[in-house]
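Have a look at the structure below, then the notes.
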Amino acid sequence: MALPQAAAFLAASLTLAASGALALAEPLVASSAPSGLSGPPTVVSPPKTVSSGSEALDVSLSPECRVPGSQLYSLARLGAVKLALKEKRAVRVLTIGGSSAGLGAATTYPVKLETALERSLPDVDVVVESRGMQGEIASGAAERLRNMVAEVEPDLVIWQVGTHDALARVDVEVFATALAETVQWIKSHEIDVVLVNPVYTASLAADEYYNSLVRTVQDVASREGVPLVQRYEAMRYLSGLGQKGEGHLLGSQFRLNELGMRCMAEHVTRAITLSLLQTDPGAPAPAMAPPRDAAVKAASPPPSIFVRPGD
Amino acid sequence: MREPNAIDFWRGLALVTIFINHIPGNTFERYTYSQYGISDAAELFVFLAGWSIGIATRGRDGRPEPRLKTVLRLLSRTIEVYRAQLTIMTLALAIIAGTALVLDNPLLLEWHNAGGFFADPIQTVVGFVLLTHQLGFFNILPLYVVLIGIAPVFVLLARVSRVAALALSFGLYATSLVFEWNLPSWPGEGDWFFDPLCWQLLLVLGFVGEDLNRRSPWLRSWAQRLVPLGIAIVATGVILAVYDIRPDPVLAPEPRLFFTFDKTYLTPARLIHFVGVLLAFQTLYGVLAPRLGPVTGYLASLGRNSLAVFSIGSLLSLAGQLIRFRAGGGVLVDVSVVGSGLIALGFTAWFVEWRSRKPRPSSPQA
């Protein structure tokens, strides 16, 4: 059967149905040349170096990614990674979800993350495995995550979570329960978790549902005592900085998204290194058992090591 | 056009189920049988593909067609499926990108593995044609391409010895489970969502099953006697699915994949459950077909044109997801999205058959 013609016929009308009066030619051209082409004038005009407004920027981050710490992460103890450091073995990291690729071969997110982590944890071998993920945690994806964890056997799972559930408009309560269960499950196997919440974009800024889903990730992270990288807050902060809009077909939101992706490895690394410096004072760490900190302190990196990617 | 039959009917049902399940979060999802068992429509679809190969590579008298003809037939089908996959992937990426632009919403670019393509088109376009870059929900046809591509080996071997074909297939399946063999994803890490090295077993079971079913009254009578066993397995599946009972993959003993519920590797639990489904429902078509009226004809027409219907269904599911996201979900949206989708699937089947009936001009005059 002559399928492609039939498919093309139906799908052409379908594209129109899905996206309104969409001028087909332009977006196709645009999508083949996405903002990943690192043209020099693209992104954000370099912000002031030290402090903007009330709160100090985290200057350990590269200039375009600088965000005040409070808007970037919430910290919590990472027992399993500390243990790996103490035992002087390689730290195995599994990153899950989202677009794992970055700007071409050498700089994909997992590669950048591995580089950034190794820079900030001198003499530590970090092995990053990354997995794309399809599906919603509220349905099959939680199960798939368990299988991935069983396969990779990591010390730390960095989980970009919520995007697919948001796209499927999964009930927020159901999402919260499934996320909490999965986080508890990972922790029950003495594996650390860092959550990364979904992106900020202007067209969803007023979307009540989307905001409550982002808040849910935050709530679950604080309830379960795991670090959170607030990609949403960080990108919202970055979006407030002056941008040179040069009338590209991809609006400023796409350039912001690109910047968010580029900064993510740094932001995640920052949250992890700072979390590693956490002793456990008030933070109840229920599943994590014995006090390892006395010994760990010697092995753990000094606070002066900062991420300084020059690229 | 052939009359409605059980194979086309069940394949049609699998297509409808896949269409609905590929719009996650929609109201009708919970009424599909995938929610009430360990295996789902994917197993049924692949098994019936094997069964169809059995029918297609034999004459009406049951005699196998010449070997070369079989090989060429399967090769041609492989190319057809490959072409369909490239077409729907291209359209899917354009639909995602177009919608993201129109809604000014880059979040959509992260849709189920699509982000890789938009962030790194240079490598990913290569992975795209190699079938190693797959979008979520668009990963069944790559499995098909490989399965139909390697099918000649099993089909020809089974003509010499069915036992040998089954042994080869089981051996490959078991070895892949033990050593966790799978085809790699690229670019990016990880493996195929459907592991062809494991899923080939279902295709071969379908193919050999068709052969035995036709020629062995002994097998048919035993299959009927095992209906209660099938029902017991299905009932167990319902309980496990409803109460969310499943093994913890981290605690599973080695070789781990023998004990977990893992769709990627078609682990034994899924396989056993699927065999249970087959046993339990083997005679159901005879009961249902006369009572369902036009529904029987509708489902059978989808099944007869499964590749076209599956392809259009995949794109309609994607469009349905985007519409639901935009409109915010809700029963009304779901009824219209799923309802118009089912009509469009029926139209697709009708359209394909209309085109093949229509005499074509003998000399192209363009």
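Yeah, the Cβs are placed from backbone N, Cα and C, and that goes for glycine too.
Taken straight from TrEMBL:
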TRANSMEM  B:81-103  transmembrane segment
TRANSMEM  B:135-156  transmembrane segment
TRANSMEM  B:163-181  transmembrane segment
TRANSMEM  B:193-213  transmembrane segment
TRANSMEM  B:225-245  transmembrane segment
TRANSMEM  B:265-287  transmembrane segment
TRANSMEM  B:307-325  transmembrane segment
TRANSMEM  B:331-352  transmembrane segment
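Note on the transmembrane segment (B:163-181): residues 153-155, 157, 195, 197-198, 200-201, 204-205, 208, 255-258, 265-268 of its chain, located 6 or more positions outside it, place their CB under 8 angstroms from a CB of the stretch. Outside the transmembrane segment (B:135-156) by six or more residues, the chain places 18, 22, 42, 45-46, 49-50, 53, 57, 67, 70-71, 74-75, 77-78, 81-82, 84-85, 88-89, 92-93, 111-114, 165, 168-169, 183, 192-194, 196, 199-200, 203-204, 207, 310-311, 314, 317-318 with a CB less than 8 A from a CB of the stretch. Residues 35-39, 272-273, 275-283 of the same chain, all 6+ positions outside the transmembrane segment (B:225-245), place their C-beta atoms under 8 angstroms from a C-beta of that stretch. Tertiary neighbourhood of the transmembrane segment (B:193-213): same-chain residues 42-43, 46-55, 134, 136, 139-140, 142-143, 146-147, 150-151, 154-155, 158, 162, 165-166, 169-170, 172-173, 176-177, 181-183, 219-220, 223, 263-266, 271, 274, selected by CB-CB distance under 8 Å and a gap of 6+ residues from either end.
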